[in-house]
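For reference, the structure discussed in these notes is given below.
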4 protein chains.
Amino acid sequence: DEPCGSRRCCEVVIGDGGFVFALEKRGYVQAGPWTPEAAAEHPEAVRQLHREFLRAGANVMQTFTFYASDDKLENRGNKQRFTGQQINEAACDLAREVANEGDALVAGGVSQTPSYLSCKSEDEVKAIFMKQIEVFVKKNVDFLIAEYFEHVEEAEWAVQVLKTTGKPVAASLCIGPDGDLNRVSPGDCAVRLVNAGAHIVGINCHFDPETCLKTVKLMMEGVKKAGLKAHFMIQPLAYHTPDCGCQGFIDLPEFPFSLEPRILTRWDMQKYAREAYNAGIRYIGGCCGFEPYHTRALAEELAPERGFLPAGSEKHGNWGSSLALHTKPWVRARARRDYWETLKPASGRPMCPSMSTPDSWGVTKGHADLMQQKEATSQEQLKALRSKC
Amino acid sequence: DEPCGSRRCCEVVIGDGGFVFALEKRGYVQAGPWTPEAAAEHPEAVRQLHREFLRAGANVMQTFTFYASDDKLENRGNKQRFTGQQINEAACDLAREVANEGDALVAGGVSQTPSYLSCKSEDEVKAIFMKQIEVFVKKNVDFLIAEYFEHVEEAEWAVQVLKTTGKPVAASLCIGPDGDLNRVSPGDCAVRLVNAGAHIVGINCHFDPETCLKTVKLMMEGVKKAGLKAHFMIQPLAYHTPDCGCQGFIDLPEFPFSLEPRILTRWDMQKYAREAYNAGIRYIGGCCGFEPYHTRALAEELAPERGFLPAGSEKHGNWGSSLALHTKPWVRARARRDYWETLKPASGRPMCPSMSTPDSWGVTKGHADLMQQKEATSQEQLKALRSKC
Amino acid sequence: DEPCGSRRCCEVVIGDGGFVFALEKRGYVQAGPWTPEAAAEHPEAVRQLHREFLRAGANVMQTFTFYASDDKLENRGNKQRFTGQQINEAACDLAREVANEGDALVAGGVSQTPSYLSCKSEDEVKAIFMKQIEVFVKKNVDFLIAEYFEHVEEAEWAVQVLKTTGKPVAASLCIGPDGDLNRVSPGDCAVRLVNAGAHIVGINCHFDPETCLKTVKLMMEGVKKAGLKAHFMIQPLAYHTPDCGCQGFIDLPEFPFSLEPRILTRWDMQKYAREAYNAGIRYIGGCCGFEPYHTRALAEELAPERGFLPAGSEKHGNWGSSLALHTKPWVRARARRDYWETLKPASGRPMCPSMSTPDSWGVTKGHADLMQQKEATSQEQLKALRSKC
Amino acid sequence: DEPCGSRRCCEVVIGDGGFVFALEKRGYVQAGPWTPEAAAEHPEAVRQLHREFLRAGANVMQTFTFYASDDKLENRGNKQRFTGQQINEAACDLAREVANEGDALVAGGVSQTPSYLSCKSEDEVKAIFMKQIEVFVKKNVDFLIAEYFEHVEEAEWAVQVLKTTGKPVAASLCIGPDGDLNRVSPGDCAVRLVNAGAHIVGINCHFDPETCLKTVKLMMEGVKKAGLKAHFMIQPLAYHTPDCGCQGFIDLPEFPFSLEPRILTRWDMQKYAREAYNAGIRYIGGCCGFEPYHTRALAEELAPERGFLPAGSEKHGNWGSSLALHTKPWVRARARRDYWETLKPASGRPMCPSMSTPDSWGVTKGHADLMQQKEATSQEQLKALRSKC
């Protein structure tokens with residue numbers, strides 16, 4: 001009953017945060033392709049981010065191998081100095097190095113592929129996963145995560161490949177309460193993933209904590225109704241997205257370069273951690289938008305359950321108590337929980353709305369616009385796209 | 001005519017961003033005291049942040065010595081494992097190490113003191129600055145910055161001390177268009193600082209770019225009217241603060257833990273860089289809230305003037321062009337300047353306002369509530385403060 | 001096939017707007033009891049409002065008899081100089097007088113009763129409706145409307161009483177997509193009302209046009225699925241209420257005295273009229289918040305279908321065309337449809353949010369707090385209520 | 001010392017509200033020309049609005065003669081069935097009829113002219129005012145108001161003509177704190193109007209109460225500094241306009257058809273009345289956007305000073321007390337002052353901003369675009385204007 005290879009999994013596991021957004025802000029990842037070549041190109045930056053999440057209380061160091069399949073690394077003119085294998089190996093080494101600095105597990109991660117979107121066969125797609133898995137086995141990661149899948153079918157294929165390693169497997173979809181992009185319901189998705197062999201199922205990315213929580217609850221109901229058992233995980237965005245449609249924050253007009261006003265505060269995070277815990281979810285982490293202080297907030301909220309504070313709390317008092325050291329008296333007066341818990345933070349942007357209308361092209365796998373290519377997107381292709389907006 | 005010791009100062013200098021807020025989010029600085037002991041405690045984290053700002057295009061590595069005076073390091077129970085001297089020395093070494101990885105200058109920085117706020121004498125306050133300066137001279141920084149002063153009088157004292165080194169001196173106040181906390185106008189402040197010996201004068205922290213720009217313009221007018229000459233610098237917040245009063249963002253109810261919705265986008269930053277340049281300001285940087293991608297946006301906007309892009313732009317196309325590599329067609333359609341330049345980003349927070357009413361206690365140096373102390377703030381003191389809110 | 005006694009009903013009927021809110025703003029109705037004694041007390045004010053709705057294009061003059069049952073007129077210390085019968089008779093006379101000035105029909109209206117809320121028997125409640133009906137028959141109104149019912153059971157009772165007159169009967173609930181206060185779905189409600197004898201069924205009050213439209217569509221589906229036939233009506237609020245729960249705008253903290261920022265523009269109204277028409281609804285009117293210009297906007301939007309503009313359009317061009325007569329050139333430039341259709345109007349309230357959290361006491365008929373009384377609410381009762389907030 | 005012919009002027013005078021906006025919503029005035037032909041065309045509607053303002057507590061019935069000069073009645077193709085004289089006479093009769101129903105004064109009003117904007121001579125402009133005055137003298141109004149002037153020069157001319165009647169004269173500009181459209185400061189404007197012979201000077205229209213209050217205070221300071229004496233009046237918009245530039249709400253993109261979200265609540269009005277009274281202003285009324293309930297709120301707030309409540313308060317308790325008669329317990333719980341005074345009302349419009357960027361063409365009298373004409377604005381003229389936006 002210890003699916004991810006550790007006594008901790010039966011208690012609360014704090015996941016780390018998403019690397020591609022955090023490293024994009026630090027200058028090491030390119031928005032658009034979102035590929036993880038920094039693991040090989042700029043290892044000091046990746047190592048430092050791992051350390052910060054570890055210090056923030058994360059129990060899992062996930063290898064920075066998001067979108068590290070060869071078909072993605074070469075998609076649309078995304079030229080790399082490193083092979084997929086080199087990147088995957090470097091990422092495993094970094095994760096293990098930092099995990100050993102604390103008491104964390106290393107999770108090898110795979111994610112959805114352009115090949116699936118371009119209607120490649122099950123065999124072709126599985127071969128891509130297998131190539132990554134070989135590195136994970138060689139580097140002996142502790143468990144495996146198939147995450148960020150929009151189509152449950154592709155996630156099932158991934159789980160089936162991951163299962164061949166004998167290691168514990170988690171599977172996480174980036175879908176909302178309306179289901180996957182083919183409208184398979186969250187409950188049905190969860191059942192299919194458990195049946196495919198996943199020990200942990202859940203949701204990551206694409207939606208805010210509130211929405212992800214709703215979706216995981218639907219998964220829990222589905223699994224229970226089917227008479228199955230599983231652990232559940234949740235790794236939402238650190239962005240408020242009440243206005244999202246079924247495809248998540250990618251459809252928001254602000255994606256990816258103007259999401260700032262939506263960033264969650266540490267207090268929003270504590271609320272989320274509590275609600276996720278109360279819902280029975282025991283793998284609670286984050287995805288795009290998470291900075292180390294967001295993860296620390298999860299660990300601080302759940303410190304009573306876990307029995308300890310994370311290392312990073314040496315620089316953070318509970319509920320703003322460190323403000324008692326501020327030089328200004330009115331700021332010292334804010335050193336209390338009820339102040340921060342009830343504050344409705346202003347945007348400072350009176351010319352801006354509070355919600356947007358998402359793009360909603362309503363197309364997915366199989367549609368011509370979603371066929372990927374090795375060549376860079378041409379000016380003609382861009383022009384044609386703009387005319388559709 | 002090269003006040004900061006370099007040919008570059010006559011052209012455009014890109015400053016780095018504020019360290020205390022960035023490192024607080026990463027888990028190495030405590031909000032409240034905001035002291036820089038991480039320079040000695042967690043050098044790898046400080047080094048990495050220096051590198052990211054360098055990579056983002058900053059010409060200056062400012063020593064992480066904000067609030068590193070002994071009276072501040074010991075204020076209100078802020079116990080440290082390191083002496084002020086150790087911290088200042090470690091900070092100088094880190095800044096120099098990373099500056100040498102590129103072609104940047106090292107600036108030693110001093111800031112306002114609790115002693116001044118507590119009505120200590122000119123001699124006592126100057127002695128504090130002198131202690132920090134001794135380290136800067138020993139470590140041979142390239143130039144000096146007196147920054148984050150709310151009272152021009154204390155900034156004059158600092159400049160006078162800094163001048164004794166023979167190194168170029170910059171002086172930067174954290175005030176708005178209404179002047180310093182004793183209502184000395186920005187124009188008069190600038191004249192006094194130039195007369196005290198500052199080569200560069202300007203504004204940092206406490207207000208958003210738009211407000212800081214307005215204030216620096218008033219400084220320019222004052223200096224010109226007085227028949228003096230100076231260079232000008234600007235290092236604003238990365239937060240929108242249209243609702244601030246004279247004391248800046250410290251008075252906003254969201255300070256410091258719920259400022260997220262106010263964070264500037266990279267496009268906001270490009271607009272700011274252009275306006276600052278057009279106003280004739282040639283030292284353009286950032287302060288609290290700046291992340292490396294904000295600094296990179298300044299460097300990208302001013303690439304035509306500087307003649308080159310920063311290293312970090314290898315992971316960032318102009319105006320979102322890297323989105324042409326995205327898998328989703330509607331995101332590829334956003335790979336263009338006019339899209340991002342005109343977008344009004346939503347907060348995702350329909351229950352929140354767009355502006356706040358700042359606290360406004362109207363007290364400053366001399367008021368009993370502003371006397372600092374070595375002992376931790378007591379529960380009685382906190383209770384008394386809350387009753388004043 | 002002419003359920004409301006007129007050829008017009010098979011085409012588009014424009015309903016009038018709600019009287020209690022409009023007359024409250026004019027000084028003739030008391031918010032809280034919302035009773036229509038003005039029909040007898042201040043007939044000139046009621047007559048003028050009828051005329052304005054007639055001039056705006058309304059085909060129906062609904063008698064101002066909302067909440068004109070004796071149990072409501074005497075509820076909680078609501079003392080009146082006039083009997084219920086006097087008020088009902090005066091209201092019929094005024095509606096008929098103005099209807100005859102144009103070509104409108106008179107509809108006698110009944111609404112939900114405190115007696116039902118206080119758990120009185122079916123016979124007692126029906127006796128109350130019967131008393132009002134007797135006036136309507138004597139005054140020979142053209143058709144009857146049972147409107148503003150939160151419980152379908154009480155609406156059925158009303159329809160059964162109204163049917164005894166032999167006149168066409170419309171039935172309109174003030175519920176949302178989640179159904180009546182006992183969670184009977186809109187589809188089931190509609191079927192029950194049609195089975196009780198209503199020729200026209202639909203929704204009025206409590207929600208904005210968008211929400212009401214959604215609810216009426218559910219009613220249409222229910223009626224169709226049941227193999228029945230009916231006409232459909234919609235008379236929504238003139239307030240945007242995206243944040244309402246199941247009880248509608250009464251639960252919003254702004255109800256009833258701070259709803260101003262939510263008021264619909266005339267352009268919002270044209271959009272609503274078009275969508276209601278496209279959904280197949282043919283009785284399209286308004287309720288609380290409607291002013292005559294809102295009703296005129298409905299009539300202008302549907303002028304192509306109806307074949308004529310309302311009289312009031314002599315003072316209103318299509319889509320702002322009268323602005324071509326403005327003295328300022330930049331206002332003349334706004335005399336066009338695309339300007340007004342795409343404008344996102346600002347609130348001018350930067351300290352206010354865009355949505356609220358509704359009160360949600362979750363109690364209805366049968367709960368002690370909802371027992372009504374003849375005596376005025378006492379200070380003790382008020383105090384007890386406040387302690388529950 | 002009784003400038004407007006009444007003992008009441010030395011106490012508090014409550015002015016009525018603006019007629020053109022209120023009657024536009026009721027269907028009797030055309031937005032764009034904003035001319036008052038309804039006085040002759042639809043007297044019942046004008047009479048009823050007078051009555052409602054009287055009932056709300058207004059001490060002054062202002063003749064509905066806004067823009068009733070012949071040059072305006074004929075501007076840009078604005079064809080009328082009635083002559084200017086007929087309209088002015090009808091308006092006087094209506095105001096007197098209703099004033100006599102209570103204890104109110106009749107004020108004859110003139111406003112700025114297209115002739116002035118089109119650079120006609122002083123004699124020509126004065127002749128236009130004289131023509132209206134002749135009616136006011138014949139109908140024996142109690143006092144005169146020159147209101148809604150954007151250029152103090154034209155207002156001086158008006159005052160000079162009005163003075164010839166021997167009746168008390170009030171003069172009111174529609175300017176903000178930055179002064180008239182030629183940048184004459186509010187203080188200087190007030191001095192010039194007092195010197196021209198005005199007994200009462202102040203501000204009406206174009207800005208919200210807060211802004212108008214600021215402007216009247218500047219007028220008071222100017223008059224005091226000049227050693228003069230005057231009474232002061234204020235009749236602001238019922239719209240929140242924090243984002244206005246110097247030309248007021250006309251420049252807001254929402255003018256005039258999408259101002260709804262900006263409408264003041266009754267509680268906003270009470271705050272305004274109190275602040276105006278505290279500032280020493282004794283003629284306190286309203287302009288565009290005012291509905292009778294807004295005026296009633298002024299009268300209720302100042303009831304302690306005036307010694308009585310207005311007639312309309314029979315249908316309105318203080319601070320929402322009538323809600324104690326509501327059927328729902330949570331609404332009864334809102335029957336209290338602190339609830340309404342602190343509520344921040346939501347807009348219900350999450351897609352909309354809280355402030356707008358005003359148009360700012362920066363042109364006024366003398367500019368070709370502001371020359372008026374008898375002919376209707378042509379399609380070519382409209383097209384040319386749109387191309388300037």
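Including glycine, each Cβ sits where the backbone N, Cα and C put it.
Here TrEMBL flags B:CYS205, B:CYS287, B:CYS288 as Zn(2+) binding site. Positions annotated as domain 'Hcy-binding' by TrEMBL: B:1-302.
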Using DSSP reduced to three states, classify B:CYS288 (Zn(2+) binding site) as helix, strand or coil.
coil
Proximal to chain C - binding-site residues among B:CYS205, B:CYS287, B:CYS288, CB under 8 Å:
none
I'd like to know the mean pLDDT over the domain 'Hcy-binding' (B:1-302).
95
Suppose we draw a 10 Å sphere around the Cβ of B:CYS288 (Zn(2+) binding site). How many other Cβ atoms does it contain, all chains included?
26
Specify all same-chain residues, apart from the site residues B:CYS205, B:CYS287, B:CYS288, whose Cβ lies within 8 angstroms of the center of the Cβ atoms of the Zn(2+) site, ordered by sequence.
B:GLY18, B:PHE21, B:TYR148, B:CYS174, B:ASN204, B:HIS206, B:GLN235, B:PRO236, B:LEU237, B:GLY286, B:GLY289, B:PHE290
Using a 10 Å cut-off, grab the number of neighbouring Cβ atoms around the Cβ of B:CYS205 (Zn(2+) binding site), all chains included.
28
Among all protein chains shown, how many Cβ atoms are found within 10 Å of the Cβ of B:CYS287 (Zn(2+) binding site), not counting that one?
29
Per DSSP, to which secondary structure element type does B:CYS205 (Zn(2+) binding site) belong, with helix, strand and coil as the options?
coil
